[in-house]
Structures are given as structure tokens and as C-alpha cells.
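Undergrad: Before anything else, here's the structure in question.
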Amino acid sequence: MTDPITHDAADWVAGDAVILDPTGLHARPAVKLTKLAKTFAAAVEVRADGDERWVNAKSPNSVMKMKAAHGVPLHIRANGDDAADAVAALVALVERNFDV
Amino acid sequence: MSDIAPRILSGVPVCGGIAIGPIHRLGSAEVGARQATGDPEAELAAFAAALSAAKAALEQLLESEDELAGEILEFQAILLEDPDLIEPMEATIRAGTAADAAWAEAMDAEIRAYRESGEAVLSARADDLADLKRRVLRALSGEAEEGAEVPGGAIVVAGELTPSAFLALDLGRVAGVATVGGSPTSHVSILARARGVNLVVGIAGADGLEEGVAAILDAGAGTLEVAPGVARLADAETARAEGASRREAAERHAREPAETADGVAVKVLVNIDDPAILETLDPAICDGVGLTRTEFLFKDGSPDEAAQLDFYRRLIAWADGRAVTIRTLDAGGDKPIPGITIDGEANPFLGVRGVRLSLARPDVFRTQLRALARAAADAPVPLKVMVPMVTVPAELEAARAILAEEVARLEGEGIPCAMPILGTMIEVPAAALTAADFDAGFYSIGSNDLVQYVTASARDNSAVAALADPLNPAVLELIARTVAAGAAGGVEVSLCGDMASSPRLAGTLLKAGLRVFSAAPAEVAAVKAAIREARTGADG
């Protein structure tokens, strides 16, 4: 269910993963996602399919307020030296269903 | 303390049994005023120090807590390092606002946004944010966290209790907790259920009680009896000891199926009235969900279709292949919802409530039915939907027609959906007497309203509480007739009112022919234990 990681014109590295958790992206997964994003120097942003706005993946409050239910594709992008690693790590976390 | 008049205060039962002990009052959640320095640099330093003090305190609490508490505390701790949240506050402080004002204002805006989101998962987190707001304000004003020195065996009484103040109590030493505010669906209630703490919320006047006065907290009945006499204390102690040992024995067999002493299999379903309980409740203790009270979805206004669908899917996923029954909105009567129910009715229990309101306000009803039909599309077993307060078959047919219209509309839009099994609640005596006339997929007896209407005793009037007796022969007769109508027509009959959650009534209901119980989560184990001891035969 994952698209290959792509580089776009503005130096953003992007990837997608589908949220498997039946309860969606609520507190526990949101905390895990932001903690992982913070381990990278790159700017990391996420967006639920259907939303227009990208939000800071290092902000638990912003991620929590994003509506991302079960089965929704989550778009992830990063910009910076370790951007590719950051996107790969976040995609993998979502695909592992946040290690629940 | 002998000159204090004995009296009984009533509230809303949450969980647990009987607790006996002296009253201990917790300090208010209000934080004292703080003197700002007036220097932005000093304010920034104070802010940073308060954030790290709050974080250290949360991390210390975290070490000793289990998973749900851990989730609540971890979410609060990580918010303290949220750049999107903290950096704008720092900018405000740098521009001359006092640290406490900058923090409180920004947090109030977030708390409002969470509360008004219309999403249950999010609005449940508003309490966490309020808790965090208070914690940092306390750190800024240099006040100590309360709760450390509660006398052992006390009944803790508080106005409002935040999740972290609750967790800061030494729960192993506390006999019970009573609050003026709160609701059975708040985080504190969920934490209490998971920990087996005796808790009653919504007790008006509890915060005015005197420190050290003897009291009996009955968390099953939802009462706090203050300054009871010696005889009452002795009775309560006997009931407490019996309840505790019964509960312990029952919990050991909660996950096993219920079968009567004479070998009849009985299904025990669970009532869900709070989405957050799904985080702690093991579906293996029940045979499915017999009642989902969707009123909680409407507590901050009408949720949209997507928000409702989110919850219904989550509930179905939680049930893990077990049957799920969801009741359409049952507003009105003692459950007014601003903007939906009709104000000023002379007699709301006999007025426009339940399905009557749904048919009078079809916009709200249609949104809910669409979300339910969409949730039914991917349910592993057919989703059951039931309509409350049905009096005549025409109401069920009107509901079915609207449901069919919405299913057709969804199909036209190419949105996956399925027609749920449509059942009727049996809680109006007219429906109980004519159950066979209803073309229903199942009957679900709502005993709370049935008792109220059969005995003409309002549920919210304590002066007639003794008359509202579930064992009144007329009530039992109507239950037996409904069960018989179901058996004759091949329609499943369950009972989802408080009667099904009362272990002492299990034998009576089995004799009336009932084979499907739907009980409150905390009572499932005890009800199963009572069923195992009972016989279905009239001679048992």
C-alpha cells in the first residue's frame, strides 16, 4: 500500500502509508509518531488524505487534531539532510501499526 | 461530630461497591494568583522552569502507572515540548505578556478547540489539556501538588477532580472517591473503573461536608450517606464485605461463558456508554454489545457523519467479530440535549423523546442512520440498530423507511453501505403488550423506562423511588410476555436496562424466560456468576 519514496521539485522527500489502527491516529500513535519525527533534523510534515494542510509531525498537538481515521492514507514529507531516512522511518512506523 | 445530622446525598454511580470511612476534602483545583515580574526575560526563564518542573513531575508519576494512565500522562508530558504550542507562547511572553497569562490563554483556546471538535476521541483529551494547564500554573506560582497526604481509608471528596490529581492519590489507601462535578464518561471515571476504585460523581453539596465525618459511599447506588447511625454502619460493613468477596470470585471467571446451574447457555452482552472504556475493556468478557448509548456523541452538539462513522467503526473493530447493537439517539426525558430536544415540556418523560424526537427532527436522525449504514458495510457480523421509545409499529416503519432512503442515497453516491438489522426497544407498556405486532429484527427490553412507565414513578424523583420496583409483578409479566412473543415469532429478545446489571435479579429474569442479558461492563462478571448459580426451571 506504499508508494515509492519520491523527491519533488522543492527538495521535499515524500512517502505514503495507510493507517491500519481501527481507532485511527489517536493519542498513543500520535505520541509515537511525533517522538520518532523529533529524532530527525529534517523538517517533517504529515497530512491525512483529504486534508489540505500539512502539519508539523514534531507537534503532538497538531498531529492529534488532524482527523486521520482507520484506512486513511497518511502522506509524509520531509526536508533536510536526513529527510529520506525520516520519511522511511515514519512510513515504516505507520505500516507496523505503531507497534501496537 | 455526633451533632451532625445524618443525611444521604445522591449522585451518579460510576463503579465499585460500598466504602466506609471518614470524609477527606481535597483542596480546590483553583490556582492561587501569581505576581508577574514584569521583565520578559525573567518571565521566559520562569516559564521554562515551570515547564520542566511539570515535565519532571509527570515523568515521576509515569514510572508507577499502568498503560492507560501512562497514555494520559505521556500525552501531557510530550505536549510540554510541542514546538507549535510552546514557541508562540514564548513569543507572546517576549512581547511583554506575563508567563502565566500567556500559558493560560493559549491553553484555554486549545481546550476549547478539543472540546468543540465534535470528535469523541479529541473531546476526551480536553480534560488532559485542562489538567496540564493547571499543573504548569501551579508550578509557576510555586504551589505544591495536592493529594499527597490523604489519611488511609478515607472517602476523598472533591469539587472537580483532574486525571492527574486522581492519579496522585494513593489509591491503594483510599476507600472511595466522591465528586461534585464529573461524569461517568470522564477520564477520571475510566481510570477509576480500570483500577476498581469506588467512585460516585455528580454529588451536589459534597464539597461542603466537614473533614473527618464518618460516611458510607455506595458506589453501586450512587449515594453518599453522611454521619450514619451505628446500626447503618454495621449493615453497610456486612454488605461491603460480602460484595468484595463476591466480586473477587466472579472476576476470576469473567471470560468464561455463562451457563445456568441446569445447563442452559445464556448470552451476556455489554452496554457501552462511553467510547473511552474501549481502551481498557477486554471484549473477551462478553458475547457482544447489547446497547450502545450514542447520546455521548452529542454532548458537545451534533457530530457530523464522519465523526459518528469513526466511532461506530472503532466500536465494531473493538468487538472483534462479536455482534454489536447501536441505539439511535435517545434524547429527551431526563437526557436533554441543547439545540436538539424540546425545552419547556410540562412532562418530558411523556413528551417528545427517543424515536418521537428523531421523527420530529429527521435531519439529525438521517445523519446518524447514514453513518450507521456505512459502518454496517464492513462489519464482520451484521450490525444491529435499535430505535428507542417506540410505542406503535408505525414508528418503527417510519424509521425503517428513512433508513432505506439513506441506504439508497448512499448507494446512488457509490458509498459502501449495508442495511443494518433494525430492532425495537420495548420500554413503553403498549409496545410490551403488542410486541408481536412489530416487524422487528430483535426486541431489546429497556427495563429502566419500562419500570418507570408501568409503575408511574418518574426516574428522577427520589420520593417515588420505592414504588419504581423492578420486581413489581406487572413489570415481570410484561417482560415474560415480550420474551414469549419473541419465542413465538423467532425474534431474539434481550434486556439492556439496569435489571440486567443486577446480579440479584438474574434468577428472576431467567425464570421469565430471558436468555440474553446486556449489562454494564463493571457488572458483567457478577451477573455471569449469578447466572451460573441460578436455575431456569420454575422449581429452582
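Each residue, glycine too, has its Cβ placed from N, Cα and C.
As listed in TrEMBL for this protein:
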type	residues	note
ACT_SITE	B:H187	active site, tele-phosphohistidine intermediate
ACT_SITE	B:C496	active site, proton donor
BINDING	B:R293, B:R327, B:N448, B:D449, B:R459	phosphoenolpyruvate binding site
BINDING	B:E427, B:D449	Mg(2+) binding site
DOMAIN	B:11-125	domain 'Phosphotransferase system enzyme I N-terminal'
DOMAIN	B:151-222	domain 'PEP-utilising enzyme mobile'
DOMAIN	B:250-534	domain 'PEP-utilising enzyme C-terminal'
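Are these features on the surface or tucked inside, and what touches them?
TA: Note on B:H187 (active site, tele-phosphohistidine intermediate): other Cβ atoms within 10 Å of its Cβ, all shown chains, come to 24.
Counted within 10 Å of its Cβ, the other Cβ atoms near B:C496 (active site, proton donor) come to 30, all protein chains included. In the three-state DSSP reading, B:C496 (active site, proton donor) counts as coil.
DSSP classifies B:D449 (phosphoenolpyruvate binding site) as helix under the three-state reduction.
Within 10 Å of the C-beta of B:D449 (phosphoenolpyruvate binding site) there are 24 other C-beta atoms, taking all protein chains into account.
Remark: secondary structure over the domain 'PEP-utilising enzyme mobile' (B:151-222) totals 18 helix, 16 strand, 38 coil, with classes taken from DSSP.
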Undergrad: Quick check for the class: what is the C-alpha distance, in angstrom and rounded, between B:C496 (active site, proton donor) and B:H187 (active site, tele-phosphohistidine intermediate)?
TA: 24
Undergrad: In Å, rounded, how far does the Cα of B:R293 (phosphoenolpyruvate binding site) sit from the Cα of B:E427 (Mg(2+) binding site)?
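TA: It is 15 Å, counting Cα to Cα.
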Undergrad: Check the binding-site residues B:R293, B:R327, B:R459 for other C-beta atoms within 10 angstroms of each C-beta and report the one with the most.
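TA: Result for the most crowded candidate: B:R327.
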Undergrad: Count the Cβ atoms, other than its own, that fall within 10 Å of the Cβ of B:E427 (Mg(2+) binding site), considering every protein chain shown.
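TA: Excluding its own Cβ, B:E427 (Mg(2+) binding site) sees 27 Cβ atoms within 10 Å.
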Undergrad: What are the sequence-distant neighbours of B:N448 (phosphoenolpyruvate binding site), meaning same chain, six or more residues apart, C-beta distance under 8 angstroms?
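TA: Listed in sequence order: B:E427, B:R459, B:G497, B:D498.
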